[in-house]
Amino acid sequence: MEEAGAQNKPVLFVFSRHTCKYCVMLDNTTFKDTKVIEALNKDFISIVSYTDENDYTPRGLLTPGTPALWFLMPSGQPMFQPLMGAVDAPNFLNALNIVKEEFDATQNKGK
């Protein structure tokens, strides 16, 4: 989260599991899409927490299941409710654009 603050970028925090078929589908499709990779590398700090390996959860985030994709401010505050499930690349790119626009608008309010 420190990196997000230093770079002034929103955070994509993904709760995933190795044994979850929709998590695996998301990893093998959406997260391998070149446009998704470019957008995430340019405009977001991405964190993936595999809940079957560790129990790290940012304060205040509840996960009803996996995969759960949270968009957070650099402070850790959620911007929206999480996206749930294996979101396809076109819909995920649309979500990234909405989050980026909202983040930019929020950052420009104080200027």
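From the backbone N, Cα and C atoms, a Cβ is placed for every residue, glycine too.
Taken verbatim from TrEMBL:
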DOMAIN    2-51  domain 'Spermatogenesis-associated protein 20-like TRX'
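Look at the domain 'Spermatogenesis-associated protein 20-like TRX' (2-51): DSSP puts its residues at 27 helix, 12 strand, 11 coil. Looking at the domain 'Spermatogenesis-associated protein 20-like TRX' (2-51) alone, the prediction's average pLDDT is 93.
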